[in-house]
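Undergrad: The structure follows.
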Amino acid sequence: KKTNRHSEDHSEDHSSPFNVANLYFLALLILQVSLLKTALCYILCYILCHILCHILFQESKWMNIHVGDVVRLKKNGHIPADILLLSSSNPNSLCYVETAELDGETNLKFKMGLKVTDERLQEERQLAQFDAMIVCEEPNNRLDKFTGTMCWRKDRFPLDLDNMMLRGCRIRNTDECHGLVIFAGADTKIMRNGGKTRFKRTKIDELMNYMVYSIFVILILVCAGLAIGNSFWYEEVGSRAWYLKDGKDQTASYRGFLSFWGYIIVLNTMVPISLYVSVEVIRLGQSKFINWDLQMYYQEKDTPAKARTTTLNEQLGQIEYVFSDKTGTLTQNIMAFKKCTIVVQSIMVDFSWNKYADSKFEYVDHSLVACIRSKKDKETLEFFKLLSLCHTVMLVYQAASPDEGALVTAARNFGFVFLSRTQDTITISEMDQEMTYEVLALLDFNSDRKRMSIILRFPDGRIRLYCKGADTVIYERLSPNSRHKEVTQTALDIFANQTLRTLCLCYKDISKQEFDAWAKKHKDASVAMGNREAALDRVYEQIENNLMMIGATAIEDKLQDGVPETIAKLAKADIKIWVLTGDKKETAENIGYSCELLTDDMQIHYGDDIKLNIRVSLSLSPQNEILYEKKKKRRRLRLKRLGRRPASATPQDSTQPIDDWEKESRQVDFVNMACECEAVICCRVTPKQKANVVSLVKKYKKAVTLSIGDGANDVNMIKTADIGVGISGQEGMQAVMSSDYAFAQFRYLERLLLVHGRWSYIRMCKFLRYFFFKNFAFTLVHFWYSFFNGFSAQVAYEDWFITLYNVMYSSLPVLLVGLLDQDVNDKLSRKFPKLYLPGQKGALFNYKNFFISLFHGIFTSLVVFFIPYGAFLQTMGQDGEAPSDYQSLAVVMASSLIFTVNLQISLETSYWTFVNCFAVLCSIAIYFGIMFDIHSAGIHVIFPSTFTFTGGEEETGSVPARQTLPPLCLRLFSLPGLRRPHRVRPQHPTAACCSSPRPKGQYYRGPPGQ
């Protein structure tokens, strides 16, 4: 056989142009991103601000700001550091800030300076003489917390987040404010949040990485085998053939070593480096389809769906567990005051007598209004006075939560109108009579306390504490002499059965001596630098006792549209839904029934039953006892080595785990038991517990999880799950900013999973299977050719074909399949949820599919090489010369491969469009167009050392036998592909065809366009 003169020279650098270009552009992109980041930081350092120098404010750059500087900020200006607000041009030193760059929320938040600084630090001269000492926490990344103490003029004042303006915010609706720099530069909270974040990976990503590692190992083994073959061939043949001597004094082992690295270069296309780039292109396109989906667009709020990541799309087709918040996620989070414990009748009420009434407010009890207007029932008046005073609402009824806003609005409509507040007073209108109360203390609400209180001094000098909170914490703190406990509990049960959100209201009269003693403890706790929250909680407990019950409120939060239907569809897709809520058990259970998560034919198991079953399972397992004894022994030995005594045996609560082993055992039993249920509702859970539940299922079930929520209390749960979905509702944008996908309504989750998720998974699996196949079919031809060229690492194809194969000849059709292919349309995907099951089982892409693609590629490479080789082995041309030259063989093999891989992607395509057809035909046409150009004599004359296959295509096409080789290879290759049934879209699907696999050979295509 003849060899081309360039084959030996270029056997080791055939793929270098493409690989070097890739590395060059990748490095260039990384450098550009780094330069842009550096430029942005450089620009920020040179933004100007005003810093107090002596007694005047002077312009200075951000980079010159230091801790302890006093700065002046203007309206609409950026905040350059974490600053303690001292005073502002607004009354009471209020300052409004926009925190969009911190949490994505566009609604304004207020900050307030201390009363003492507001009164004494308004002028430049006063600010220049400011000599306080600030003791605060170390720099950290907690955006929701700040603890500090200001020592000034022999007094100490507590500082918290309400006094701080963080870097990244902007001043709004405030002409001018002054502040003291607490943290600057890299110590600011926003800069501390710029570290590494948890990168979420899909199961397919992990599997694909392991497969690439496997391919790399196979590559090393193949190259080592071929290198050994080269050493033996040189010993037996190469060293004895005088016409193969190259004049180099090299041993066979050394030549084999060089051959090994030559084959690493020749066969490097077996490792699919370009696969990762193609995968990211497909994911980007799939994310755009989610963003452009008009059926997930919420017109009322002009909110489209948003894919905030491009790396998790196919994971949407493998979800097994969905963890959902209730308020704002399943419900609308638009609160309406509906009932209270003093309801008597049910008729519509006319509020025309109240000039402050909200026209949208509706309530059903005429007798209640009559009672209020008569001013005879003091407890009823006290009830609504509490609602108008015990809150944190600011001007224009800007509430911290929708519940609080609904309660204050209700009090307003019943004649108790909140008018204004300062740092130490609240002014309300009581039945058209304006009253001002002095605020002595505000006991904040948090998820652990589940209540808030306010201590007020009345105009007549009385001191009273008002408290509102969950029934579980209020009833523990009621006085034995409190009335209405039984009546209120009965009403609470009725409200909960009607899925209403409840709060208990109570009060306590405090003597001056009792308050003075408590206030001293409160002041000490409020300025404590260590465990301030715990110290305050202990002080709060001392005053929040012996409370007197007034009544309870009931607020309605309606379900969103389409929630029951969405849950039913997801359940049919074998997706288990868990609802995690802070509501009481009865409310959560009734919401479960109303959204059809729970049905009448289900057997409900409550928490006490689960605890009992877990304890029984632990005690009945002899293996658990053995493991427990071993664990205790190891613990004793470890403590002995550390020189510590084991803890003495003291009576413990049987509900608490003894050690880590029992804790883990209980977790496993809880997860196993809960996962056997069709639906799970966890009530009275805190944000941290929500995240813990998700992590337990991920840890012990190895399942793909999705969390969906709408508020800041759902952020931990959203970040913990494999996929986080945020709903842009009434509670700001923190959940959306922490999520991977975002939309406005829970019902869109059905389309996200059953349509976009399922399509993305099917497309990605089909793309990966085909990509591995075409790479093996292309690369292994070199392997078979090695047995006929003395294992010399000579390539089987022409150099430019190797460079352009993955770029132009075979890339476009498979990319379009990864972007556009679909087995059934979106309507059928939602109509038959059982179609979602293969993704949960990972049935379409696994090691079995990988090895099928591997052997399919091996078979194709055998056909592509040996059929042309056999045809060329003993052939005579019309001119009497043997046409079996290297150039003709390479061209025939390349042509056969191009026809073969494009036919394969045609067989794999389930959804044909004009674009797919054009891509397949265009790929073949581009191959022949480029081949005729680079094999022409004209380009060889211009670049003789680069284009060396002169006239190869003409020589191949001039022999009729050679023209039949590509179709013959195509026919032999397609035999296994045509015998294997391909799952395509049925014309008229039925429930049977979607719930169970069809018999072999009964798949057929529907008409075009469906």
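Each Cβ is built from the backbone N, Cα and C atoms, and glycine gets one as well.
Note that this is a predicted model, so its numbers are computed, not measured.
As listed in TrEMBL for this protein:
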type: ACT_SITE; residues: Asp325; note: active site, 4-aspartylphosphate intermediate
type: BINDING; residues: Asp325, Lys326, Thr327, Glu404, Phe445, Lys468, Arg501, Thr581, Gly582, Asp583, Arg684, Lys690, Asn713, Asp714; note: ATP binding site
type: BINDING; residues: Asp325, Thr327, Asp710, Asp714; note: Mg(2+) binding site
type: DOMAIN; residues: 736-940; note: domain 'P-type ATPase C-terminal'
type: REGION; residues: 640-660; note: region 'Disordered'
type: REGION; residues: 982-1010; note: region 'Disordered'
type: TRANSMEM; residues: 24-57; note: transmembrane segment
type: TRANSMEM; residues: 210-234; note: transmembrane segment
type: TRANSMEM; residues: 254-279; note: transmembrane segment
type: TRANSMEM; residues: 767-788; note: transmembrane segment
type: TRANSMEM; residues: 800-820; note: transmembrane segment
type: TRANSMEM; residues: 850-874; note: transmembrane segment
type: TRANSMEM; residues: 886-905; note: transmembrane segment
type: TRANSMEM; residues: 912-932; note: transmembrane segment
Undergrad: Take the domain 'P-type ATPase C-terminal' (736-940) and average the pLDDT across it for me.
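TA: Within the domain 'P-type ATPase C-terminal' (736-940), the model's average pLDDT equals 88.
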Undergrad: Please give me the CB contact count at 10 A for Arg684 (ATP binding site), counting all chains in the structure.
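TA: Taking all protein chains shown, Arg684 (ATP binding site) has 15 Cβ neighbours within 10 Å.
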Undergrad: Which ones are near Asp714 (Mg(2+) binding site): of the binding-site residues Phe445, Arg501, Gly582, Arg684, which have a Cα within 10 Å?
TA: none
Undergrad: Determine which residues of the chain contact the transmembrane segment (800-820) at the Cβ level, with the cut-off under 8 Å and only residues 6 or more beyond its ends counted.
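TA: Beyond its ends, the transmembrane segment (800-820) has Cβ neighbours at 14-15, 17-18, 269, 274, 278, 281-282, 285-286, 763-764, 766-767, 770-771, 774-775, 778, 890, 894, 898, 901-902, 905-906, 908-909, 911, 913, 915-916, 919-920, 922-923, 926-927, 930-931, 934, 947.
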Undergrad: What subset of the binding-site residues Phe445, Arg501, Arg684 lies within 10 angstroms of the residue listed as 'active site, 4-aspartylphosphate intermediate', using C-alpha positions?
TA: none
Undergrad: Under a criterion of Cβ-Cβ distance under 8 Å and sequence separation of at least 6, what residues of the same chain contact Asn713 (ATP binding site)?
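TA: For Asn713 (ATP binding site), the qualifying residues are Asp325, Ser447, Gly582, Pro687, Lys690.
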Undergrad: For the C-alpha pair, I'd like the distance in angstrom between Arg501 (ATP binding site) and Asp710 (Mg(2+) binding site), rounded off.
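TA: Arg501 (ATP binding site) to Asp710 (Mg(2+) binding site), Cα-Cα distance: 18 Å.
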Undergrad: In terms of Cβ proximity under 8 Å, which residues at least six beyond the ends of the transmembrane segment (767-788) contact it?
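TA: Sequence-remote neighbours of the transmembrane segment (767-788) are 1, 204, 208, 211, 222, 226, 229, 263, 266-267, 269-270, 272, 275, 278-279, 282, 794-797, 805-806, 810, 814-815, 817-818, 845, 849-850, 852-854, 856-858, 860-862, 864-866, 869, 893, 897, 900-901, 904-905, 908.
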Undergrad: For the transmembrane segment (254-279), find every same-chain residue at least 6 residues outside the stretch whose CB is under 8 Å from a CB in it, and list them.
TA: 11-16, 19, 22, 208, 212, 215-216, 218-219, 222-224, 226-228, 230-231, 234, 238, 764, 767-768, 771-772, 775-776, 778-780, 782-783, 786, 791-793, 795, 802, 805-806, 811, 814-815, 818
Undergrad: Using Cα coordinates, what distance in whole Å links Asp710 (Mg(2+) binding site) and Thr327 (ATP binding site)?
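TA: Cα-Cα, rounded: 8 Å.
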Undergrad: Considering all pairs of residues in Asp325, Lys326, Thr327, Glu404, Phe445, Lys468, Arg501, Thr581, Gly582, Asp583, Arg684, Lys690, Asn713, Asp714, annotated in the record as contacting ATP, what is the maximal C-alpha distance expressed in whole angstrom?
TA: 24
Undergrad: Using a Cβ-Cβ cut-off under 8 angstroms and a sequence gap of six or more, which residues of the chain neighbour Phe445 (ATP binding site)?
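TA: Within the chain, Phe445 (ATP binding site) has Cβ neighbours under 8 Å at Arg451, Met452, Gly469.
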Undergrad: Under 8 Å Cβ-Cβ from Thr327 (ATP binding site), six or more apart in the same chain: what's there?
TA: Asn333, Arg501, Asp557, Thr581, Gly582, Asp583, Asp710, Gly711
Undergrad: So if I draw a 10 Å sphere around the Cβ of the residue listed as 'active site, 4-aspartylphosphate intermediate', how many other Cβ atoms end up inside it?
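TA: There are 30 of them.
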